[in-house]
Amino acid sequence: MFRSNARALNRALERLKNVQTKVNEALKRSGIQEKSLERKLRIWLRKVEENVPLGELILEKRSSCAIWLSDKDVEILEKVKRLEEQGQDLIKKISVNKSSREIVERVLGPSFHPQKTALEMLDKLKDCLKKKNVQKIGVWGMGGVGKTTLVRTLNNDLLKYAATQQFALVIWVTVSKDFDLKRVQMDIAKRLGKRFTREQMNQLGLTICERLIDLKNFLLILDDVWHPIDLDQLGIPLALERSKDSKVVLTSRRLEVCQQMMTNENIKVACLQEKEAWELFCHNVGEVANSDNVKPIAKDVSHECCGLPLAIITIGRTLRGKPQVEVWKHTLNLLKRSAPSIDTEEKIFGTLKLSYDFLQDNMKSCFLFCALFPEDYSIKVSELIMYWVAEGLLDGQHHYEDMMNEGVTLVERLKDSCLLEDGDSCDTVKMHDVVRDFAIWFMSSQGEGFHSLVMAGRGLIEFPQDKFVSSVQRVSLMANKLERLPNNVIEGVETLVLLLQGNSHVKEVPNGFLQAFPNLRILDLSGVRIRTLPDSFSNLHSLRSLVLRNCKKLRNLPSLESLVKLQFLDLHESAIRELPRGLEALSSLRYICVSNTYQLQSIPAGTILQLSSLEVLDMAGSAYSWGIKGEEREGQATLDEVTCLPHLQFLAIKLLDVLSFSYEFDSLTKRLTKFQFLFSPIRSVSPPGTGEGCLAISDVNVSNASIGWLLQHVTSLDLNYCEGLNGMFENLVTKSKSSFVAMKALSIHYFPSLSLASGCESQLDLFPNLEELSLDNVNLESIGELNGFLGMRLQKLKLLQVSGCRQLKRLFSDQILAGTLPNLQEIKVVSCLRLEELFNFSSVPVDFCAESLLPKLTVIKLKYLPQLRSLCNDRVVLESLEHLEVESCESLKNLPFVPGNTGMINEQMAWEYMSRTLG
C-alpha cells in the first residue's frame, strides 16, 4: 500500500512540476500588464510552491520506514493531483494573455513555396527574433525577390502559435514608397485599438509610445520601406529598458535604408539558384514543363527569369497548360531579345511585359488601368469594372449583371497571371508594387493609345502642369494634397480619364480647367470640397462616368442635358437636395447612385420614367421617400415610374408604409436581381443590408400588413420598433401555404409583447433556410419558443445574436429537440439580465451522442450577463469550440471544455475564472 501510494505521489509531483515550468514560461511570455491579473495567476504558482516541498518531505521521511501514508499525507497527495489537473487546464484551455486573434492578425497573400533556401531564410529570421542583443532586423533585396512573402509567412506562422510565441502583440504595417508618417501612425494606432480625435492627432507618436511601453514586448513589421524612418518620431520605444525584448523587422529594396535605420542584423533575400528556380517554375507551369518536347526550352525560359521569384511565377503561370512548342520558342526569343542591354531590375520589366503581351487587347488596357491607383491601394472590383466599361474597355451593351460577371472573370484571369492580387478587404484587388512600377513605366514610355500621367498618392500640393502633354490619355492625381486646380491647362489634351479623387483641399473647379479636357469619358472628383461644378462641365459631351462620391458640400450641378453619353452617375453621400436638372434627357444612363443623400427631398415627376436604359437605382439611406398612388406628393415621382423601367435590375429605395406596397408590385420584385426596400416614416434610418433581397421595416404599425408575397423574394428581413408584429406574424402563420425558402437572415429589434392568439401556431417551418438570427429586446424565455410561434426549427442556423432580452432565462432547452442545431457556428449574447444558462438538454435520451448536439459551434461571445451560472449541463459536449469571450458574467461557475479543446478566452474572463476555481 505504501509503495503504491508513494509511487503515485512521486508521479503526481513530477507531473505538477512539469506543469509549473510550463505555466512559468507562459507567464514570462505573455507580457501581462495588469498587476491584479498577474497576481491571480501567481495564486496557483504559490500553492504549487507550498505543496511540492510537503510532498517531497513525505517521500523522504517515509522511504526509511515502510508504513502506510497517514490520512494527512493522503490529503497532500490529493491536493497535488488537483493542482496538476488545474495547471493542465490552464495550459490547454486558457489563453494566458489574449486570444490569438488579438495577438497576431493574418496578413493576406501567398506564402512562399517551401524550398530549402526559403525555409532557411525563415529560420534565420526567427533565430534573430530570439537573440537578446538584436532589436532591429533588416530584410532587403530587389523588387519581386520575395521580401514581403518572407515576412508575411513569418507573421502568419506566429499566428499559428499565437498563445505561445514570445510577443504580446505583433503589428504589421505596409509603409510604401510615398511614406506618410501620420498614415503609418494611424495604422499602428488602429492595431493597438486606439481611435483619435483631430485634436489628439498631434499626440499620436506619444500615445503609441505609451501603449507600446505597457506591452513590454512587441514585434513591429514594417513592410516596403523606401527611406529611413525615425522610429522615435513614429512612437516606437526600442531604446527604453522596459522594451528591450521588443523587435522591429523591416523590408526594403536598399541595404542602405536598413543601415541608416541601424539594424542589428540584415538578411539579404537573393534570387534563387538554378535548381530551386526550376522547381518553382515547374510548380507554376505544371506538368507541361517536363514533357519531352517542351522541357529543354522550358529550362532556358526558366534560366532567363534570372532566379527572380516574381518573374518565375508570372512567366510560369502565363505558360501554364500551353503544350505548343512554338509558344515556348516565341517566349524564349522575346526574353533573350531584351537581355543584353538591361540590368536585373529592368529585367523583371521584360518578363512582366512578356506576361502582358500574352493578354488579349482589352485585358491589356484593363490591367494598365489598375496602375492609376496609389501604391498598395485596394481597388473595389465593382467600381473598377464600371471604369472599364465607361472607358470602352468592356462591352457596354451587356446588361449590368452580365457586365459585372464579365468584369469579375477578367479580374480573376489577371489574378491567375499574378498581375493582380487580392486586396485588403472582400471584393477588392491591388497590384504588387513591382507590377505597378512596370505598368507605369510601360504607360509612360509607349506612344499613342497608352500614354498616361500617374502621380497618385505622391503628396502633391501643386497641380503638375509641366507634366502635361497633348497625347496623355489617362491622368491620375488621386490621393494627393492639391490645394487648387488651374484655370488653364495645355490645350488639345486627348485625355479620356481624369482621376482627382481624394484631394480634399480642393474647393473649386475653375471654368477653364474642364475646357482643357473636351474628350473626357471618366471624371472622378470624389472627396473634394466643391459645392458645384462650372458651366464648362456641360460641354463634356463624351463623358460616360461622373463620380462625385463623398462630396459632402456638393449642393447642385449644372444641367446634365447635354451629357447624352453618360452611363454612370455616382453622387453617394453628397448634399444635393434634388436630382440634377436635365437627367430625364439621358437615355444612355444605366447607373444612378444617390445613396446616403441625407438632404435629397425632390425627384420631379416624370424624371425617372424617361430613363429607359436604367439598370441600377441605388438610393439606400437617402432621405427621399417614394410615394405610391394615393400617398404621392404633388409634382414628385412615384414608385409607378420605377415599375415602368424595362431594364431595371437593382433597386434600393425607401417608402413610407408597407401597407400600400401590395401584390401589384410583385412583377417588379420578381424581375429584380437585387433589391433593398426600407419602409419607414422616419427621415433618417439606417438602410437595410447588402444581400440579394433585403427588406427593412422600421417604426411602422404592421398589424394588418400582408407581406407573404414579398417574403417569397426576401433573403434578409429586418424589423425595427414595429407595432403590431403579433398581428403580422399571425397573418403569416394562418395564410402561408408554403415556407419562405429564400430567407437567410432575420433581425427583430424591440418586440416586448410576443404572443400569438390561442391555437395559432405554425405547422410548417416558415423560415427553413434561416442562417442568421438576431433578436434585440424580444420577449422570450427561450429561443425555443420560436419553434411553436413560427415553426422555426433552425436546422440551417449558423449565427445567433441576442441582446437586451430581459425575460430570457436560457437560449435553448428541451423545446428544441436534440439534433436540430447541426449547423450553429457562432453565438453572441449581450445584456440579457435574467439569462441563467445557454443550453439545457436534460431530457435528451441517455444513449444519445452528446457530441452531436452542437457539432459545429466554434465561437461563443458573452457580455453583461449577471445571472449566467453555466453555459450548459453535463450532457452537452462542445467538442468544436475554439473561441470563448466572456465579460462581466460574475455568476459563471464552469466552462464547457473537453480534452483537446484550445480555449481562447479573453484575459478578463481568464483571471476571473481562475480566481474562483483556484481559490
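Glycine residues also receive a Cβ, built from the backbone N, Cα and C atoms like all the rest.
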Coiled coil per Swiss-Prot - which of 74-95, 184-205, 668-689, 888-909: 74-95
Given 1-30, 31-60, 481-510, 511-540, which one carries Swiss-Prot's coiled coil label? 1-30
Give the helix, strand or coil assignment DSSP yields for Gly143 (ATP binding site). coil
Six or more residues out from either end of the repeat 'LRR 7' (588-610), which same-chain residues have a Cβ under 8 Å from its Cβ atoms? 386, 400, 549, 564-579, 616-624, 635-638, 641-642, 644-645, 647, 652, 684, 687
Could you pull the average pLDDT for the repeat 'LRR 1' (447-468)? 85
Of the residues in the repeat 'LRR 7' (588-610), how many are helix, strand and coil by DSSP? 3 helix, 5 strand, 15 coil
Sort out the residues at least 6 away from either end of the repeat 'LRR 6' (565-587), same chain, that have Cβ-Cβ distances under 8 Å to it, and list them. 386, 389-390, 396, 526, 541-559, 593-597, 599-604, 606-607, 609-613
Sorted by sequence, non-Gly141, Met142, Gly143, Gly144, Val145, Gly146, Lys147, Thr148 residues with Cβ within 8 Å of centre, ATP: Arg253, Val269, Leu308, Pro309, Leu310, Val434
Using all protein chains in view, find how many other C-beta atoms are within 10 Å of the C-beta of Gly143 (ATP binding site). 19
Given a separation of at least six residues and a C-beta threshold under 8 Å, show me what packs close to Gly146 (ATP binding site) in the same chain. Phe112, Ala118, Val269, Pro309, Leu310
